[in-house]
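To start, the structure under review is shown below, and the notes come after it.
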Amino acid sequence: MRPLLRGPAGNDDEESSDSTPLLPSARQIEAAPACCSARYNLALLAFCGFFVLYALRVNLSVALVDMVDSNSTLTDNRTSKECAEHSAPVKVHHNHTGKKYQWDAETQGWILGSFFYGYIVTQIPGGYMASRIGGKLLLGLGILGTAVFTLFTPLAADLGVVALIVLRALEGLGEGVTFPAMHAMWSSWAPPLERSKLLTISYAGAQLGTVISLPLSGIICYYMNWTYVFYLFGLVGIVWFILWMWIVSDTPETHKTISHYEKEYIVSSLKNQLSSQKVVPWVSILKSLPLWAIVVAHFSYNWTFYTLLTLLPTYMKEILRFNVQENGFLSALPYFGCWLCMIVCGQAADYLRVKWNFSTISVRRIFSLIGMVGPAVFLVAAGFIGCDYSLAVAFLTISTTLGGFASSGFSINHLDIAPSYAGILLGITNTFATIPGMIGPIIAKSLTPDNTIKEWQTVFCIAAAINVFGAIFFTLFAKGEVQNWALSDHHGHGN
């Protein structure tokens, strides 16, 4: 039996208003089949897009190892001696045809960090533009631009460090519009009782892109040379763009092949949630406490996420003393767990709402708590386990895996409170959530001058404390119903 779209119960308490969907009670429409549907085709193509997006983002971190002349790098060996050496000797690379550069550690840090300085700039403009011109073109151009710039990475490296830093910042500008644009598209495509499933499918591509691109980039460097990392991923991005522009539409109403029943199902399920206002209510948005609950949660979650994304390979190498080949696999393993968790949680969250009548806010709170407190606990445990390599890797993997719960929590709450402005809201929250990527690793490095286990325990404890604070703040102040300022006067008065 397919779920029916039920009407509101008629009372005004929070639990009732949170238990979407919002259709007039006089009309009940069965959910359109998922198989081969336009909305799930959109989710799968978006999945591929975010797969490519994250492959384009993280490939430099692997290629940089081959780009730098290790004999000339002006850095000391910071490998800790607290844990015993246990890795097998590293196999010598087959290929050394790629050009080498004499960049010290500080220069490499600027190259890797320059992406975020572009990424943070286009978050809010991206959300605003998506609400005006639609997310399809904006998301497509964002990934296309990043792919094209990626193709020019070898040329920029030859021109010098400044050129490469500028190029990476431009890639960040392109990627900055993508998540707000996707959120804006889902505001027109995702029925309330399918939001968790559809959004987690699409955004899970980012995790799998990280999992695949990290070891694949290493393989490409090993058997070919580092330039092909950028050429191959860049070309894949261009192919994806062509498919995206050919298949996808901004709304169900403009889709060429969608069935009449599916279009009616989607449009009807959203009709009392979308605003007809032309002017963005910026003051009301910025005064909204539920929005700031998402901001705090997003910032807190990303502090841990970016700390691990950028420093986990360092911890694996310098503290746990895994070799380069083991490091690539073990650093990708946690993100594979997170990818699986995101897919399962998307199904589970909507199942709780449909079958068990959980309210929207209850689901968002539960999944956010598990997805933020759980990682905090296991991150601290990983720090205090010392040199037990197996347990340390297991705890770090569990920590990142549990973070996948948050994908059905605060991560999609923008669509619950203001579907018409979801792209703008995500732009706002992701602007704040990008800051940890810029300062978190710097703070972590400053806290580990001697690279001891005790210093890393401090890094992990700070990240865990920030995560727990964000989870508590979101639980206290988040909402699950569409806010009054996000509705037109017509809908706001219930007519």
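Placed from the backbone N, Cα and C atoms, the Cβ positions cover glycine too.
Keep in mind the model is a prediction, meaning the values are calculated, not measured.
According to Swiss-Prot:
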TOPO_DOM  1-41  topological domain 'Cytoplasmic'
REGION    1-22  region 'Disordered'
TRANSMEM  42-65  transmembrane segment
CARBOHYD  Asn71  N-linked glycosylation site
CARBOHYD  Asn77  N-linked glycosylation site
CARBOHYD  Asn95  N-linked glycosylation site
TRANSMEM  110-130  transmembrane segment
TOPO_DOM  131-136  topological domain 'Cytoplasmic'
TRANSMEM  137-157  transmembrane segment
TOPO_DOM  158-162  topological domain 'Lumenal'
TRANSMEM  163-186  transmembrane segment
TOPO_DOM  187-197  topological domain 'Cytoplasmic'
TRANSMEM  198-220  transmembrane segment
TOPO_DOM  221-225  topological domain 'Lumenal'
TRANSMEM  226-247  transmembrane segment
TOPO_DOM  248-290  topological domain 'Cytoplasmic'
TRANSMEM  291-312  transmembrane segment
TOPO_DOM  313-331  topological domain 'Lumenal'
TRANSMEM  332-354  transmembrane segment
TOPO_DOM  355-365  topological domain 'Cytoplasmic'
TRANSMEM  366-385  transmembrane segment
TOPO_DOM  386-390  topological domain 'Lumenal'
TRANSMEM  391-412  transmembrane segment
TOPO_DOM  413-423  topological domain 'Cytoplasmic'
TRANSMEM  424-444  transmembrane segment
TOPO_DOM  445-455  topological domain 'Lumenal'
TRANSMEM  456-478  transmembrane segment
TOPO_DOM  479-495  topological domain 'Cytoplasmic'
Contact set, same chain, for the transmembrane segment (366-385): CB under 8 Å, 6 or more residues outside the stretch: 297, 300-301, 304, 308, 345, 349, 391-392, 395-396, 398-400, 402-410, 453, 456-457, 459-461, 463-465, 467-468, 470-471, 474-475, 478
Most Cβ pairs under 8 Å with the transmembrane segment (424-444), selected from 42-65, 137-157, 226-247, 332-354, 456-478: 456-478
Long-range Cβ neighbours of the topological domain 'Cytoplasmic' (187-197) (under 8 Å; 6 or more residues past either end): 3, 5, 20-22, 31, 39, 42-43, 250-252, 265-266, 269-270, 273-274, 345-347, 349-350, 353-354, 360, 363, 408, 412, 415-416, 419-420, 422-423
When counting Cβ pairs under 8 Å to the transmembrane segment (42-65), the leader among 110-130, 137-157, 198-220, 291-312, 456-478: 198-220
Considering the transmembrane segment (110-130), which listed stretch of 137-157, 163-186, 226-247, 291-312 counts the most C-beta pairs under 8 Å: 163-186
Long-range environment of the topological domain 'Cytoplasmic' (131-136) - Cβ separation under 8 angstroms, sequence gap at least 6: 180-185, 244-245, 248-251, 280, 420-421, 423-424
Per-state residue totals over the topological domain 'Cytoplasmic' (413-423) - DSSP helix, strand, coil: 10 helix, 0 strand, 1 coil
Proximity verdict for the transmembrane segment (137-157) and the transmembrane segment (226-247), three or more C-beta pairs under 8 Å: yes
Per Cβ pairs under 8 Å, the stretch of 291-312, 332-354, 456-478 packing most closely against the transmembrane segment (198-220): 332-354
Summary of DSSP states over the topological domain 'Lumenal' (386-390), given as helix, strand and coil counts: 2 helix, 0 strand, 3 coil
Residue counts (helix, strand, coil, in that order) that DSSP gives for the topological domain 'Lumenal' (221-225): 3 helix, 0 strand, 2 coil
